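Chemist: I grabbed these lines from Swiss-Prot:
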{"type": "BINDING", "residues": "Y25, G26, N27, Q28, K49, S51, D83, E84, L85, Q86, G134", "note": "NADP(+) binding site"}
{"type": "BINDING", "residues": "D191, E227, E231", "note": "Mg(2+) 2 binding site"}
{"type": "BINDING", "residues": "D191, E195", "note": "Mg(2+) 1 binding site"}
{"type": "DOMAIN", "residues": "1-182", "note": "domain 'KARI N-terminal Rossmann'"}
{"type": "DOMAIN", "residues": "183-328", "note": "domain 'KARI C-terminal knotted'"}
Amino acid sequence: MATIYRDKDADLRVLKDKTIAIIGYGNQGHAQGANLKDSGLDVIAADLKDSPAWKRAEKDGLRVMTVPEASKEADFIQILLPDELQPRIYREQIAPYLEEGNILGFSHGFNIHFNQIIPPEYVDVVMVAPKGPGDLVRRQFLEGKGVPCLVAVKQDYSKSAKRIALAYAKGIGGTRAGVLETTFAEETETDLFGEQVDLCGGVTAMIKAAFETMVQAGYQPEIAYFEACHELKLITDLIHEGGLMKMWNSVSNTAEYGGLTRGDRIINEQSREAMWEILEEIQSGKFAREWILESQAGLPVKKALEQQESEHLIEKVGAELRAMMPWLGEKK
């Protein structure tokens, strides 16, 4: 079982004499930067000059500068750029300015684990990864709460890397909820596996297959959409709130019996073998190499598949039905 750290296990004073640079003031960057600032720490933000992100950081009261300027000034450099942009920006705008004893931080381990970023030996390399989107990280912090985080140390030059990472996690509110210790390898591989097998890849493939089956059987596409896609949120919300048993206890007896007796026919031995194959592709670096080449080529496969997805009947039907439900577009 994972080791979990709380507020009492972290000391913000570890970071009091350090300048923290948030590289990339996007979804996570704005939340982490604003939370660290509100925790009394010295924070600077770096993004494209005069971009919306730059202006947002200024509005949040942070000093804003270019990536090279921030890298020169900071002691702790938290890289929160998209995975595919990190290696080039690191090589060109961060690495030349690293000094002995600096800390390189990440919220996802992809580029470190797959050697797209290879830091010098004289810096600490840590990860603090909130398990929630930036808006939630910020909102929970302002309410005096926090979002659980993962913490990992890849390189401990200072012999204080874990203390530093835990202090950072406390600064963004993570220790209020709990911080789970992991490794760069475990975070990266499980994150990719979850995205591909169920959260993004598996669930969308299942939705489309169920929808297509019903339409091919002669049912109206609108009715098929409700059953295959729209009602999924009702189920996932119940699981999210209270686990599998809250969901089973909340649906009808008919739904529970049907699901329990038929589910394994969908996720069968062949499906599980495919999951193992995908996991092995992740662990071996095969997927990483594929994604790196795809990014370098300008994302042709991704763009083609996105176009194909956008033309699926379920998208047309879904758009028409969602127009009948204006509350779906209302901000909470």
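Using the three backbone atoms N, Cα and C, a Cβ is placed for every residue, glycine included.
I'm curious about the neighbourhood of these features; can you describe it?
Modeler: The Cβ of D83 (NADP(+) binding site) has 18 other Cβ atoms within 10 Å, all protein chains considered.
Every protein chain considered, the tally of other Cβ atoms within 10 Å of the Cβ of E231 (Mg(2+) 2 binding site) stands at 11.
In the three-state DSSP scheme, D191 (Mg(2+) 2 binding site) is classed as helix. Neighbour density for D191 (Mg(2+) 2 binding site): within 10 A of its CB lie 17 other CB atoms from the protein chains shown.
Helix, strand and coil counts under DSSP for the domain 'KARI C-terminal knotted' (183-328) come to 126 helix, 0 strand, 20 coil.
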Chemist: Counting only residues 6+ apart in the same chain, whose Cβ is under 8 Å from the Cβ of Y25 (NADP(+) binding site)?
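Modeler: Within the chain, Y25 (NADP(+) binding site) has Cβ neighbours under 8 Å at G33, A45, A46, D47, A53, W54, R56, A57, V64, L80.
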Chemist: For L85 (NADP(+) binding site), list the number of other Cβ atoms lying within 10 Å of its Cβ atom.
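Modeler: The answer is 13.
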Chemist: Between 0 and 100, where does the mean pLDDT of the domain 'KARI C-terminal knotted' (183-328) sit?
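Modeler: Mean pLDDT across the domain 'KARI C-terminal knotted' (183-328) comes out at 97.
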